[in-house]
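Taken from TrEMBL, the feature domain 'G-protein coupled receptors family 1 profile' covers 38-242. Annotation source TrEMBL lists transmembrane segment at 31-54, 66-94, 100-124, 145-165, 204-224.
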């Protein structure tokens, strides 16, 4: 019975159910999860597909274009997964009791973490372009950018492999009903620990990416203000000399 509480689809028949409330919740779930999320995801797919085409046509001779193309690809993948989630969240498919959303949600985690890391890298590169414009191309070359992008994609994908193998799908007969649902169960205690480690690694990665974006943006603003002040002083000095 303990394994059942770990399943994906949990239903408790001890609590009374209000038919009217269930209908209202179902309608709002369809509106928010299906219509709103689906519309936003579809727009994301369209715009990110356009970005991918534009950056691909611009060529990959510059490190910035490579990073932006990789970012657009990751965001395109995340938008496609969200669109699939909204489709499988439809009442007709949700009633099939097939835990597809749980499975494909991990792909969204992969793409979103890749996008976060690439955003941090692009923000850091933008700061270096302002702080040391003459040396940034020596540090961030095209080959190094390709390596960094490849490591980010591979690292985030590998870190999410354990959740795919830590659970197994089994059919369970719901107590007090004639329903049989497919649920996810941990294979063993080690599998549960593997999934927790994977989730922790991805959460830490997300926080580190946010920290890099915040610090790089803060330093960028400070550097721009300092250089703007220096240019104003230099311009005033040249005018006074004339």
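The backbone N, Cα and C atoms fix where each Cβ goes, glycine too.
Note: the stretches the transmembrane segment (204-224) and the transmembrane segment (100-124) are in contact (3+ CB pairs below 8 A, sequence gap of 6 or more).
Mean pLDDT of the predicted structure over the domain 'G-protein coupled receptors family 1 profile' (38-242): 84.
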